[in-house]
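Trainee: Just lifted these from Swiss-Prot, have a look:
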type	residues	note
BINDING	Gly11, Ala12, Gly13, His14, Ala15, Gly16, Val123, Thr178, Gln367	FAD binding site
BINDING	270-284	NAD(+) binding site
Amino acid sequence: MNNNFDAIVIGAGHAGVEAAFALAKSNNKVALITFDLSKITMMPCNPSIGGPAKGIITREIDALGGIQGYYSDLAMIQIKMLNDSKGPAVRAIRAQIDKEKYSKLIREDLQKNSNITLIEAGVYEIKADKKVFKSVVLSTGEEIFAKVCVLTTGTYMNSQILRGSSVTVSGPDGQKTTNKISESLKKLGFELQRFKTGTPARIYKSSIDFSKVEKEILDTNDLNFSNRSNKKLNQQVSCYLTYTNEKTHEIILNNLDKSSMYSGLIKGTGPRYCPSIEDKVVRFSDRNRHQVFFEPETLDETIIYLNGLSTSMPEDIQMQFLKTIPGLENLKIQKYGYAIEYDALNSLDLKHSLETKVIKNFFAAGQINGTSGYEEAAAQGLIAGINAALKLKNKKPLVLKRSDAYIGVLIDDLVIKGTKEPYRMLTSRAEYRLLLRHDNSDYRLSKYGYKLGLISKDEYSQIQKKYKNINSKINYLSKKYLSTNSNIAKKYNIKEATSYLKLLLRPEINPKDILKNYKYQNELLIKIKLEGYIKKQKQDASRMKNLEKIKIPNNINYDKVLNLASEAKDKLKIIKPETIAQAYRISGINPSDIQMLIFHLKTYKKYDN
């Protein structure tokens, strides 16, 4: 086997494959290392992609030339728009995915890629020379060398599975794990955190009594994550809804001491926005029921994922409380739920490029950085892969701003604020969310994907044509006036000549009366109806960009900044922001601290105008 590559990617989950494909598209020779080739981009938790904010991230990945959206479209068995009745800033797609097909399609494309070498092995050591990445040593004893490395180990690093008092050294779904990488990272100077997440039981569909649950009825639609996919679902696979009840809660409360979480066995910090059923019963004691969704894991629907019932209870207690839930009285369990603890990096050790501050040419992406979710992981993998490729060419990294993308918000939060619990992207985290919509992801980011060579000239041209068409249509509508004798005027009792554009702003007007079957109706209506609000957010973003222009030198001595609060000094020394805008976003830094910092930089003339 060739032992010399341009890049090494450790881990072939959602982050790892994005990094590998991005590096390979830049014509680099990539070694992609994973424990088990049959588990590439497996979905150890929910069999879905997207959701609030997360669906927009997947759209952004696609606009940049990443793969998650494209393969999600090919493997989806259900797709819907969430928050459709709410404002456009919070709308997002969510799709149920055939998890086996998704993994298979990506594995096959990796195997076909001449720039990617798949290596089935563990990594036992990461080596650096004078704080610069050098090589990795495999479980086989072989040493692999490269100029750059992207670490994407997910929840596999020093991980253990917990059910009740049972603790098993294992990765997700009984996969291999390793403590060797954790040991190696500590020796290199990295600080590690201990995090926890969990997953519910899977059951056989044949054991469910569907007469006692609610069926989700969905219409066919033409939704897609990817501009490169034309797949349309002719038939949606249904999910089902049922509820826990007081008997369920009674069994859980009577056995709390047997839960790994509540017995004190789990030391890691769990996700705030994806609590276990034990947490929900304890924290929301006033509620006598909680939702449970039955989600098929594949197109054949043999196995059902019980969304809402993540647990670390022992197997016998799981069986007891599950049987109290309507529809599950005679259930057969394929796999019991569990909690998993794992090591993660301190994300404050990362740059915005996702290169680590500790070791040069060494990048990290995905759950190892303290995030949760396939979408957050894939986004980081793509950015790390892009920037590793740019590093190989001695070019500046791609750093997306908070006003550019949810991906920019995600990475900025990790790098500037850090996280003490598994980080999940929410629309509320984005201050410019009206700019970061589902419908304009391609408009916002395709220019970067094209410039980087990750999307083709034809794809980019099609996106440009789309928005040119929308602008031309708006211009046409502003100049075309409705005759008072027309059928539309009579229908809405319009007495004076009015431009079609102004008519579209009236709530009583049905847009189809004017736009007919115009292809980009949704995008056009959002643009004209929210023009004022969008303009204001752009102005806010522009003001913040001015602060981004004020650079903070690497060699700044914060002890010499007059009247800077002690807390501000401590945090600035640890986080080492590169601009005033980044310093402004650090928790505990006050406006007065920022003023003193700007005054100091102006006084000593060490900032870039």
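Going from the start of the chain as shown, residues are counted 1 onward.
Placement of Cβ uses the backbone N, Cα and C atoms for every residue, glycine included.
Would you situate these features in the structure and describe their surroundings?
Mentor: Gln367 (FAD binding site) carries a helical DSSP state (H, G or I).
A coil conformation is recorded for Phe284 (NAD(+) binding site) in the three-state DSSP classification, outside any helix or strand.
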Trainee: Out of Gly11, Gly13, Gly270, which of these binding-site residues shows the lowest number of other CB atoms within 10 Å of its CB?
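Mentor: Each of the binding-site residues Gly11, Gly13, Gly270 was scored by Cβ atoms within 10 Å; lowest is Gly270.
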Trainee: Around Arg272 (NAD(+) binding site), how many other CB atoms lie within 10 A of its CB?
Mentor: 12
Trainee: Going by a 10 angstroms cut-off between Cβ atoms, which of the binding-site residues Ala15, Val123 has the sparsest surroundings?
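Mentor: Output over binding-site residues Ala15, Val123: least Cβ neighbours within 10 Å is Val123.
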Trainee: Taking DSSP three-state, what's Gly13 (FAD binding site) in: helix, strand or coil?
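Mentor: Once the DSSP labels are grouped into three classes, Gly13 (FAD binding site) ends up as coil.
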Trainee: Please state how far apart, in Å and to a whole number, the two most distant Cα atoms are among Gly11, Ala12, Gly13, His14, Ala15, Gly16, Val123, Thr178, Gln367, the recorded FAD-binding residues.
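Mentor: Farthest-apart Cα atoms in Gly11, Ala12, Gly13, His14, Ala15, Gly16, Val123, Thr178, Gln367 are separated by 19 Å.
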Trainee: Could you round the CA separation between Val123 (FAD binding site) and Gly270 (NAD(+) binding site) to a whole angstrom and send it over?
Mentor: 26
